[in-house]
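Per TrEMBL, the features are:
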- Ser166: active site, charge relay system (ACT_SITE)
- Asp292: active site, charge relay system (ACT_SITE)
- His321: active site, charge relay system (ACT_SITE)
- 86-327: domain 'AB hydrolase-1' (DOMAIN)
Amino acid sequence: KPQLVASNDRFCRFLEEYCPVVTETYYPTIWCWEGRVQTLLRPFITSRPQVQYRNELIKTTDGGQISLDWFDNNDSLYYPDASTRPTVLLLPGLTGTSKESYILHMIHQSETLGYRCVVFNNRGIAGEDLLTPRTYCAANTEDLEAVIHHVHSLHPSAPFMAAGVSMGGMLLLNYLGKTGRDTPLMAAAIFSAGWNVFESVESLEKPLNWLLFNYYLTTCLQSSISRHRQMLEKLFDMDLVMKARTVREFDKQFTSVMFGYRTIDDYYEDASPCRKLKSVGIPVLCLNSVDDVFSPGHAIPVETAKQNANVALVLTSCGGHIGFLEGIWPRKCTYMDRVFKQFVQAMFEHGNKIFSM
């Protein structure tokens, strides 16, 4: 059984009644139970539901642009009125976009419930041009704030939630820690977030983890900016950036410099959501596996979570990073997908009962 960590008895009772998956035994796929295997295989094993998006480019105050992919769900039987159709904002991982299988599955789950989804693609990675020499990072929430304000302004009467995966979850937590209750979001779901960036990069720099994940992730980061080299060369030594062989080296030469941090340690401290968890002001459910090499179990802020009545952690012993595969042949639904579906449905349809239970 997963460990459910929450200081608020009413939140616990609410989850047990309306999101019972968090109390059920999670049985990982028997032939890939180890965390690294789950992490590596999930993108290849899980299916990719067909989703038709409507793309929207919105301008930012600094002259940049952000690509949003909308799944309007205009055929929704449960919510035919678009003005009040519940909306879920989805934040993919570090180099992820609306095409990731875990995002497609979240949209598929939302479609069956009648909800609308919008995917926040970070600057420059979804095929759109970079109009300014600026990309994104886990600590800077300005673009996310702009997107949340934009989506809410289009549908002010619609219930509004967000779900973030990996770095998307870190960004969402940092935003919630900054805004407290002053947000149009009614709740949020976080999956496989890296809670302490220092611990995450240290784990990823262990020899086997570097070989399996770190080097590949670094090349993905480099690939995501190489298309914009002409724009970025105005501010960065791109030859040096492209020589990075670890995420830490990339962040030292590129990310921390771009966002004005004096040192990489200053950036990593600011990017670590564990430091802002106390300030979260809306109900948040966070799912982590303790065998996740991207977010080691010892770095999950269990004691801090117990100090905030708005926060619930669900911790599994297996599942890896965005893995949570279950069943003999885990093509379709994962444990993470089931947690997502039940939690968003619980909040949209019964959220007002949290404080009365």
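Yeah, the Cβs are placed from backbone N, Cα and C, and that goes for glycine too.
Because the structure is a prediction, the values reported are computed rather than measured.
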| query | Between 0 and 100, where does the mean pLDDT of the domain 'AB hydrolase-1' (86-327) sit? | reply | 97
| When you measure from the Cβ of His321 (active site, charge relay system), how many other Cβ atoms are you left with inside 10 Å? | 25
